[in-house]
């Protein structure tokens, strides 16, 4: 970044820290005790703070990355300032670790924008505004202020992706291991980084092959192009030399994937601890929920009059294809819709009300929404049309892996695929970015207002209950 841009970003960084600190202070005063999943995370971190590394709560489903990182941050600070154990291991101090991760996410998002779009002439203001928007992305920003794994998990995944883009794959793999220690499902984004490298190599090889054969390029975005690429990949992989080339390029990630497979065998599954409430299944409608979620939070980029016209043209041009997609979608919703007990039993989450007010109104509602899902998926793919087909195939495969196996409809599962999507689409105009910023700020204001000012009580519990994501 140039000197002036550096000053602008530094001012933004400082402002975000001050504003978030004020909000953090307010939220911590109102909710002093551990809340929701914090009742598992905070006591476990406190055990680690006291040096009891052999004690583990069997209800926790993730590896201890969050607790180890927290101890590694707060213990040296406590030693420098002479704080006692009560202060160091308090809920407020542990939550503050996530505020630091959140600020790290702001910086990483900005650097990734600069790296992904370095070939395009984008103003400093647009890059900085884009970074601010993703920093304030409502689902992620809310969990900045609670002791959850989201901020730290996102930090290490974004750091892994940044190192991958820089071509420093050993560092990327090491950071990917840290991300895996926060959440086991982050292995998908380690594979995504390896997929970036493979997609670039295959694209170069295909371009060379087409020049040698003097073949005319197939029309971009068509079924013919996808079929042509699949055939090329199959032929490419038949050569041991080509496979060896890919292994040499991606070996740090391959080692992590092999280690993950070993973990699955030893652990008996991906979930640590309470496996009963985190069953793996083929919940294909999760993919539709993700596209709808993305459409809502990126509406300035995905919804416009021109987009609608282009979508109608696509429908007319590939009528049979979209009829087939509609039929497949209806079948997947019919056969693979699951309703987790947490979704319908816990009225503290927004998803409870979305399911109750929309999906439970009538049995046919989930089918009526299919045209909207198809538009959302089309606009999602259209926004990424500057990417190669190989990159798109790799990204969509990772989205499938990140969303479909989850039985519970939970917006937190959509954070990383959404961020990767926003980081890779062309940076929007200032007007669209300001519209997006207004949406994010509005949603955040409502969310924090409900959490702080609208507590309620359950008849059989004395504890205060609060609305949240």
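Each Cβ is built from the backbone N, Cα and C atoms, and glycine gets one as well.
Predicted automatically and left uncurated, TrEMBL annotations should be read as such.
Model, not experiment: these values are computed from the prediction.
According to TrEMBL, the feature transmembrane segment maps to residues 128-149, out of the candidate ranges 128-149, 194-215. The feature transmembrane segment, as given by TrEMBL for the ranges 45-64, 65-84, sits at 65-84. The transmembrane segment (128-149) is in contact with the transmembrane segment (434-452), judged by 3+ CB-CB distances under 8 Å for residue pairs 6 or more apart in sequence. Tertiary neighbourhood of the transmembrane segment (434-452): same-chain residues 23, 26-27, 30-31, 129, 132-133, 136-138, 141-142, 297-301, 428, 466-469, selected by CB-CB distance under 8 Å and a gap of 6+ residues from either end. Scored by C-beta pairs under 8 angstroms, the transmembrane segment (96-116) has its highest count with 155-182, from the stretches 155-182, 286-307, 364-381.
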